[in-house]
Amino acid sequence: MVFARVNEADVTEAILDGFYSSLKKHLRSDVIVVGAGPAGLTAAWRLAEAGARVLIVEQNNYLGGGLWLGGYFMNPVTIRAPAQRILDELEVPYEAVKPGLYRTKGPLLAAKLAARALEAGAEVLNLTMLDDVIVENSRVAGVVVNWSPVQGLPRQITCVDPVGLRAEYVVDATGHDAVVTRKLAERGMVEASKLGPMWVERSEDLVVEKTGEVYPGLVVAGIAVAEVYGLPRMGPTFGAMLLSGEKAAALIGEKLGLKVKVAAAPASQA
């Protein structure tokens, strides 16, 4: 016999115990990051390595968001300077296309970024959708979540109540949906705009500039920033996603009294 003697119940018990212990530990987190795209994973990585208890909530079964495809059906992705410094730290190889513009493999960057966030200590609830937010004393205090496939079932045949998870801070890194912020906007608690037409150069700068707290306890990062503030669409380039996630982590880290690391200067600006 090649493998150890283990039966079906042993396997199920191992999965169940691991899930239970992780979920129980993160019923109360320092930070809940909603969305496991490039901005969310970067924020989770930076906060977790600084010592924060971080939970990532992702509606899909996979992590990485749009990083798997760089545009249309093609999987090379582009990064504009100075964001390649994060690729240097992740040890993701890239090539210079022209001064200030770099190209790398999307699946490799997605895998490396997800691995780094998890290695730093962040936990993930995948196949988990945001249903609502917890607001207490005019401050976001957590999220309300459910199993993602529930939303695809007719109301007539299912009634599955969501559950609440608390956190000191929530990061809306849900991309074009900006779903966390829009839950508040639907109630008139914040204003949320619509995405403008594409303008890569302007959009990336503005996304990083506008990354921040949109409501007490809620920080918006990544393309969700463009959606909330009506910024130009940035198109298939990812530098602002990485730097926005890093900035979100730094802002929250400062509030929590944590020293959040920022990547070193780029190895190359060629």
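Every residue gets a Cβ built from N, Cα and C, even glycine.
The annotation NAD(+) binding site is assigned in Swiss-Prot to A39, E58, Q59, G66, L130, D161, I223. The DSSP secondary structure for D161 (NAD(+) binding site) is coil. The Cβ of D161 (NAD(+) binding site) has 8 neighbouring Cβ atoms from other residues within 10 Å, across all protein chains displayed.
According to Swiss-Prot, the feature Fe cation binding site maps to D161, H176.
Here Swiss-Prot flags R233 as glycine binding site. Annotation for R233 (glycine binding site): same-chain Cβ neighbours under 8 Å, separated by at least 6 residues, are L195, G196, P197, M198, W199, S203, A226.
For C159, the entry in Swiss-Prot reads 2,3-didehydroalanine (Cys), with the evidence type sequence analysis. Sequence-distant neighbours of C159 (2,3-didehydroalanine (Cys)) (same chain, six or more apart, CB under 8 Å from its CB) are absent.
Residue annotation for NAD(+) gives A39, E58, Q59, G66, L130, D161, I223. The furthest Cα pair among them is separated by 29 Å.
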